[in-house]
Number of protein chains: 2
Amino acid sequence: MSVVTELSPVGDDVHLGELGEHAILEHILRPRYGGVRGFGDDCAVLDAEEGLLGELVATTDSCPTPLVTSLGETDPYHAGWLLATINLSDLAAAGATPLGLVVNYTLPKTTTAGEFRRLLDGVDDCAKTHGTKVVGGDLRDGPVRQLTATAIGRCVPGGRLGRAGAAAGDRLLLVGSPGYLWAYALLVEEQARLPEAIVAGIRERAFRPMAQVAAGKALAAAGLARAAMDVSDGLFPTVRTLCGANGLGARIRTDIHLDNAPAEVCAQAGLGRFELAQAWGDWTLVVAVRPEDVELARKVLTEEGVAAQEIGILAPREEGISLDDGEKTEPWNGIAQERFSPSSWHGGDLPKLITEVLGRRAS
Amino acid sequence: MSVVTELSPVGDDVHLGELGEHAILEHILRPRYGGVRGFGDDCAVLDAEEGLLGELVATTDSCPTPLVTSLGETDPYHAGWLLATINLSDLAAAGATPLGLVVNYTLPKTTTAGEFRRLLDGVDDCAKTHGTKVVGGDLRDGPVRQLTATAIGRCVPGGRLGRAGAAAGDRLLLVGSPGYLWAYALLVEEQARLPEAIVAGIRERAFRPMAQVAAGKALAAAGLARAAMDVSDGLFPTVRTLCGANGLGARIRTDIHLDNAPAEVCAQAGLGRFELAQAWGDWTLVVAVRPEDVELARKVLTEEGVAAQEIGILAPREEGISLDDGEKTEPWNGIAQERFSPSSWHGGDLPKLITEVLGRRAS
């Protein structure tokens, strides 16, 4: 009954867990949906005759167990905030203005009203921070908490950002401030110590990360971004995906700037700044910008109050993806979790996570 | 940190399972979201300046364990079809034209590629039947299959249907053909026997129910519907909700027409036709229509190839909700499942389900 004809080397009997996310995408989803506008981008594009209003986009993501749960924080507020952030971050990568969120919650019957309210508080506060709100949703009981949302937004005419559209020579900007989430994890693990007020500041940034919605919109409206993707799974998979979508390689600098507080955590923990900067959880964006537009892009972002730094350059595909420490370049085989694989993120033991995500032995 | 001030008699320590869906809606969600346009309707309304294009709406629903699983059908195709149907049926109730679906699947790693493809086939076939498609989504592994989707649509200007807007004296039309899903359940339980070809026909209708998207659009475009809601949880909760949203009562006729095949199943099973007609699973719509518009509405639906029948009249609230068997009227305390209560639908044993849903003892 299927209307789709597929040519795929993947037989029907193989388990998805044997394939892994990449092979599922390439061999099952691309043959079926590869022709859909926006396939492979953070956001889907809706079929609508928008004319002068600009394109409508939508994205959906479930909220994993927040890392903060492993850091001793059980308040469902943070899961709610994260759920909204994850989805709004995809709109940011499309350069879209949010029109609303619809939410879908499965909750155990033993959830208390207070826990439910805290969850809603987290979603609502995050949405409000980005000038949008929850417009509808669905709620049902089930054995395990499962939080899903869909964010819908609109791009300015001709201004939708996707993963493709960049060229060799484009600079890569990292938009936002990396390192806070895993700096806090290192503090919890007592691999660093800082004054209470500074810890509280790191904790606040770690627990309520900011999706770069305003930044994405500003860059798209100004026509300054050629391609964009959010750092949802870490810097390496983001750069690798952007390179793949554009048939390019990249040279990434290891001297990524960290704010003072996470930099100090790094120093105390004996960790390179790049190791912290390349981790996920801060909902930064990677944006490809023409060399001649870099200064203007940084100016636009400064006006939005958003930090941005040049972290590298897109290169011909033959050069592959490499790290440049200022003296030499080496191939970068970074850390990437993959769904439907043993590395798929489902929370877990903190020292082990630190090893996996930061690429170092836990002490 | 919440930006919402709530006055609710529900304390923070009570479990959602003690409250039930209705109390959660009234005491937690309404104080927070009651002012949002479309609150309580099948579809949410997005904040967008639509002008002449008409309003944008969105709806999200998860797919429960399909009843057909209890009827011996394990092909994930039907879960996929149902997932799309559930969401598109909400667009139908808003009178909206679908712009696209975004899907969100959590699947065990042991899911085979073949099972996954069948799931996608079901979603894609259903979407195509209604002139739309999957435009994006998210996929992750997890211990339990969980299927969620969001449907986004657009209404004609001024033509968005909701639950409110009806008046006493309006007629209620049932749009679509009820009774197929539970007729098939009775056949599987051998409470009736029919020739193989007829069983196959019932099975087809039961397994691939049609959301009334074309009908909802046609009625909304013609300005013939005053209020609408889909029958997702059975006729009684639908009528009760429509009455509540309009501050009205209703008189429902028990002589609801069934097509020949489900009617024959009723007769053999010793079941009243109304008992079958009031069950859920056929994704019909209940639409409130001015008395003088009933004939035109039926004509419009006939042109769409959709069955419709008048099943009752909206009445002043004091009259409550009653059943009229042609000789007398009696208060209707129909069957309603409620989430976060013991009646919450999670599949189960077929004879027990028949008793619960059809309101009779299983033989």
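Positions of Cβ are set from backbone N, Cα and C atoms, glycine also.
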**Prompt:** Given that TrEMBL lists B:D42, B:D90 as binding Mg(2+) 4, which residue among B:T59, B:T74, B:T106 does it place in the same site?
**Reply:** B:T59
**Prompt:** Can you name the binding-site residues among B:T59, B:G137, B:R163 whose Cβ is less than 8 Å from some Cβ in chain A?
**Reply:** B:T59, B:G137
**Prompt:** In the domain 'PurM-like N-terminal' (B:40-154), how many residues does DSSP call helix, how many strand, and how many coil?
**Reply:** 41 helix, 38 strand, 36 coil
**For B:D42 (Mg(2+) 3 binding site), the one of B:D61, B:R163, B:D233, B:W332 that lies nearest, given that the binding-site residues are compared by Cα** = B:R163
**Message:** Quick check: with B:D42, B:D90, B:D230 left out, which same-chain residues have Cβ atoms within 8 Å of the centroid of the Mg(2+) 3 site Cβ atoms?
**Reply:** B:D41, B:C43, B:T59, B:S89, B:L91, B:A92, B:A93, B:A94, B:M229, B:S232
**Fill in**
B:D138 (Mg(2+) 1 binding site) and B:T59 (Mg(2+) 4 binding site), compared by Cα position, are separated in whole Å by 17
**Request:** Give the helix, strand or coil assignment DSSP yields for B:S232 (ATP binding site).
**Result:** coil
